[in-house]
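Visitor: Supplied in C-alpha cells, the structure appears directly below.
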Amino acid sequence: MAAYKLVLIQHGESAWNQDNRFSGWYHADLSPAGPEEAKHGGQALKDAGYELDICFTSVQKRAIRTLWTVLDAIDQMWLPVVRTWRLNERQCGGLTALNKAETAAKHGEAQVKIWRRSYDVPPPPMDKDRRYADLTKDQLPSCESLKDTIARALTFWNKEIVPQIKERKCVLIAAHGNSLRGIVKHLEGLSKENLKPIKPMQFLGDEETVRKAMEAVAAQGKAKK
C-alpha cells in the first residue's frame, strides 16, 4: 500500500521576523530573504520528485506568498489552493508588533517565555481586524494560547485536509510555526509537556540551515545584553 504523503512548509522569513517583532495575525510580507528560502524549499521538492494534488494555506500574506513561490519553483502553479483563517499563526493579541527583545527587557524573559511557549496561557487581547468581519464573536479570537491555536487548526485538519489525504492525494500545507506545531503534535501524539518547535519528520534540504534557524527562533524572546 502506498504511503500517505503530506508536505508541511513554514513561511519564509517575514519583514517582522527580521525585525524580531511578534507577528501574529498581522499581514507582514516576506523579507528579502523570505522568497529565497521558499525557492530553496521548492527546489528540494522538485529534486525529490514531488507531484502535489492540492494545497492549503492561511489567509496571511507571508504564507500565501511562500506557497506561490514554492509552486512556481516546482512548476505546479495550476494546483487548487484552499485558504483558511484556521491555519493562521497564533493570535498574539496585544503583543502584536512589539519587539521581542524589548518586551523581554520590560516584562522579563520568564514572562515572555510563558506568553510564547506555554500551552494554555494567552497573551493580552487586541482589537479586531476587518479582514475577519464575517466571523462571529465566538470564532474570532482577540488573543490565543497555543492550545487555542491547535484546536482551531485541528478542526480544519480533521474536516477538510484528512479526507484529501485518505483519497491518496499528495497534500501541501504552507502555514505558520504554531498552526503547524499543532498538526505535528496531533500526528506524533505529543503531550503538551513535550510539545517543542517543529523538527522535520523528513527533511528535504540543508539540515544545518534548519538547525541555525531553530536556534535563532529560540533566542528571539531573550533580552538584549
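From the backbone N, Cα and C atoms, a Cβ is placed for every residue, glycine too.
Copying in the features that TrEMBL gives for the protein in this structure:
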| type | residues | note |
| --- | --- | --- |
| ACT_SITE | HIS11 | active site, tele-phosphohistidine intermediate |
| BINDING | ARG62, LYS100, ARG116, ARG117, GLY177, ASN178 | substrate binding site |
| ACT_SITE | GLU89 | active site, proton donor/acceptor |
| SITE | HIS176 | site 'Transition state stabilizer' |
Visitor: Can you give me the Cα-Cα distance between HIS11 (active site, tele-phosphohistidine intermediate) and ARG62 (substrate binding site) in Å, rounded to a whole number?
Guide: 6
Visitor: Say we define neighbours as other CB atoms within 10 Å of the CB. Which of the recorded positions GLU89, LYS100, HIS176, GLY177 has the fewest?
Guide: GLY177
Visitor: Starting from the Cβ of ASN178 (substrate binding site), draw a 10 Å sphere and report how many other Cβ atoms land inside it.
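Guide: 23, counting other Cβ atoms within 10 Å of ASN178 (substrate binding site).
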Visitor: Between HIS176 (site 'Transition state stabilizer') and LYS100 (substrate binding site), how many Å separate their Cα atoms?
Guide: 18
Visitor: To the nearest whole angstrom, what is the C-alpha distance linking ARG62 (substrate binding site) and GLU89 (active site, proton donor/acceptor)?
Guide: 10
Visitor: Whole-number Å only: compute the distance from the Cα of GLY177 (substrate binding site) to the Cα of the residue listed as 'active site, proton donor/acceptor'.
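Guide: If we compare the Cα positions of GLY177 (substrate binding site) and the residue listed as 'active site, proton donor/acceptor', the gap is 7 Å.
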Visitor: In the three-state scheme derived from DSSP, which category covers the residue listed as 'active site, proton donor/acceptor'?
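Guide: Its secondary structure by DSSP: coil.
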